[in-house]
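Presented below is the structure to which this report refers.
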Amino acid sequence: MLKIIIPTIMLLPTALLSPPKNLWTNTTLHSFLIATLSLQWLLPSHYPHKNLTPWTGIDQISSPLLVLSCWLLPLMMLASQSHLQHEPPIRKRIFITTLTLVQPFIIIAFSTTELMLFYISFEATLIPTLILITRWGNQPERLSAGIYLLFYTLTSSLPLLIAILHLHTLAGSLHLTMLKLTHPLLTNSWSALLLSLALSTAFMVKAPLYGLHLWLPKAHVEAPIAGSMLLAALLLKLGGYGLMRITLLTGPLPTNLHYPFLTLALWGAFMSSSICLRQTDLKSLIAYSSVSHMGLVIAASTIQTHWSFTGAMLLMISHGLTSSMLFCLANTNYERTHSRILLMARGLQPLLPLMATWWLLANLTNMALPPTTNFMAELTIMTALFNWSPLTIILTGAATLLTASYTLFMLLTTQRGPLPTHITSMQNSNTREHLLMTLHITPALLLIMKPELISGIPL
């Protein structure tokens, strides 16, 4: 565990002491080395936990998410180089330091086996994210987006803290394995019901559940590209991961808690897909598509079967790579046309033909085309939900249909059609951008060969 956290912390001196002309090269290479090192966590093991220490342990649920978070740090640095090129060196250093500071907290949150440490790192990721959005966002609305993010997260986290402290008084320990053995929440009382509700609400907001999602489109639209990638690919996954961990603890949720959450999650997947169809802002469209996909993850986590957990894990990893890639593509368009409005930046295929290929690949994975892992994930979740209640197929089916519709709408609007008259010249796409897209799509395509690496089931 330390052999990843220590090099990650050592990124700080790399960022602060590198000469200005080698700053991006050194930090990106350093983070790539960490990403390569982290791949060892995907190796199969004969024990439930790898690298078990008193506070941390990596199992099948956390290892894919840990590798994803290490993999995305160099990609965030690659993506940010263009919009920071006119900033003074000191600001570039502060930006890289802020990005690096999130990383240890995310790694601890995904690998800890102790609830209090999980809570602290879960909340600590908020501060660097807030700095990224409010300092490096593009529009003045970034401040209100930061306030939304802060208040939604903090309001939902307070019940979580109280619930964790109450759990400690009930069980005498906050260690996940101890809590699984003692099962303090399996009593059929009002306190157990409220405790389950308090534990899951914070993660429902972070995931986000439809209805508690209003902070997400705002934060995504105002964040710089690294902030969008961090939010879509990692911080939403913290919500999904927390839900999976907590639902394993609480045992099967009481039926009166099951139904509202599950219905809301599936209705949210359907509604946010419909909202996507009438978006004019490209980043907002991708943000709402994240709400739609995470709705399926929440629904799968609440019914707690092996199939649904496998589907949720597959979808979280696939969505992390796909949505991050879509945000990068939207950013390349924004850097050239200086507009996120779909109609102002349409018909770009003749000007950037290779970028159109990346757009096609990203959109096909987003709409869950076979044989991608997104398809395996959605099919697994739909099967598990159908097995739980056949009625769910109405909402999941409609959501899948709408996902295909808005994805094709996004592809056709950005790539096809007449070029707007105000676009007279366009900067060519460069190697850095193509490398960035390749590093997003390659893991997604390789995982088609061996999806069990990220399926959350022991190999």
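Backbone N, Cα and C atoms are what each Cβ position is placed from, and that goes for glycine too.
Among the residue ranges 285-303, 437-455, the one that TrEMBL annotates as transmembrane segment is 285-303.
Transmembrane segment is the annotation TrEMBL gives to one range among 39-58, 119-138, 259-278, and that range is 259-278.
The average pLDDT computed over the domain 'NADH:ubiquinone oxidoreductase chain 4 N-terminal' (1-109) stands at 93.
Count of Cβ pairs under 8 Å against the transmembrane segment (221-239): among 285-303, 309-330, 351-369, the largest is for 309-330.
Non-local neighbours of the transmembrane segment (259-278) in the same chain are 200, 204, 209-211, 213, 253, 285, 288-289, 291-293, 295-296, 298-299, 302-303, 385, 392, 395-396, 398-399, 402-403, 405-406, 409; each lies 6+ residues outside the stretch with a CB under 8 Å from one of its CB atoms. Taking Cβ pairs closer than 8 Å, the transmembrane segment (351-369) reaches residues 289, 318, 321-323, 325-326, 329, 332, 336, 375, 377-378, 400, 403-404, 407-408, 410-411, 414-415, 419, 423, 426, 428-429, 433-434, 437, 440-441, 444 in its own chain, all 6 or more past its ends. Among residues of the same chain six or more beyond the transmembrane segment (189-209), those with a C-beta under 8 A of the stretch's C-beta atoms are 122, 152-153, 155-157, 159-160, 162-164, 166-167, 215-216, 235-236, 238-240, 242-243, 246-247, 249-250, 253-254, 256-257, 261, 264-265, 268, 291, 294-295, 297-298.
Across the domain 'NADH:ubiquinone oxidoreductase chain 4 N-terminal' (1-109), DSSP classifies residues as 78 helix, 3 strand, 28 coil.
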